[in-house]
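Here the structure is laid out as structure tokens; the discussion comes afterwards.
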């Protein structure tokens, strides 16, 4: 396999992931900001936080670190995920040669290789855990920038404050809870997403199903299938992993009070109530579902164009 043959394939996942992540991050930043503020205060409500917003532009506070984290993280994650899934497909002789597209087992709505449910679960979880660690410093800065507990006026001030007060460890605060949230979420998401792409065309009305001359779905049909699959899969995976998101946010906002995942979990259950573990779920559910629909819809179509 030549370098020229490898480059377009790998770069297509990098480009598709970057622009898909960037678009979803900027468009949905208000939901992320509101979710963070609801989670930081046990008495907070959506309406209370909305009343504290002085202008619509404040809903996009923290967009820069959020956009950096999501675009770079999405590009790295989807590139890493593709390498892992392609390697597994090659081992199973589904892809004897990565330069020969006719050997790849595809869904008709996608140009991604088809794997078993267990392989989708494991590759999704491992890739997300790895990339989550790499992008953790941006995540910590993003969460604190969105919060009302810290009044940072610039990214430089945020970085300096965290390093001065907590050292390098401060940039990885809450990684355990983040990994416990993101790795299972990503594994479940990839499993459900790939399965949905197979099942959804069977239940969609025939007027939505159109084929191109090559036998695959048209852009309209594949976008409908992929986006709907992404929204449904993200909704279920988000609900299951919601408690880890609350724990992670509390640890990053109040590191002196919440020192580890178990301590944070027991404190919330004992001093508040179990339902508080799902605090901000409505905001996260809306954001994650829409984000997955936007990001994966763009990603799948860009990959097809560049491959």
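Cβ atoms are placed via backbone N, Cα and C, with glycine included.
Looking at 198-224, 225-251, the range annotated in Swiss-Prot as transmembrane segment turns out to be 225-251. Here the transmembrane segment (121-146) has long-range neighbours at 32-33, 36-37, 61-62, 65-66, 68-69, 72-73, 76-77, 80-81, 84-85, 88, 115, 152, 155, 158-159, 162, 170-175, 178-179, 182-191, 249, 252-253, meaning same-chain residues at least 6 beyond its ends whose C-beta is under 8 angstroms from one of its own. Using a Cβ-Cβ cut-off under 8 Å and counting only residues 6 or more beyond its ends in the same chain, the transmembrane segment (14-39) has close neighbours at 45-46, 49-50, 59-63, 66-67, 69-79, 143, 146-148, 245-246, 249-250, 279-280, 283-284, 286-287, 290-292, 294-303, 306.
Sequence-distant contacts of the transmembrane segment (225-251), counting only residues of its own chain at least 6 positions beyond either end whose CB sits under 8 Å from a CB of the stretch, comprise 36, 39-40, 109-110, 143, 173-174, 177-178, 180-182, 184-186, 188-189, 192-193, 196-197, 200-201, 204, 217, 257-261, 264-265, 268, 276-281, 284-285, 288-297, 300.
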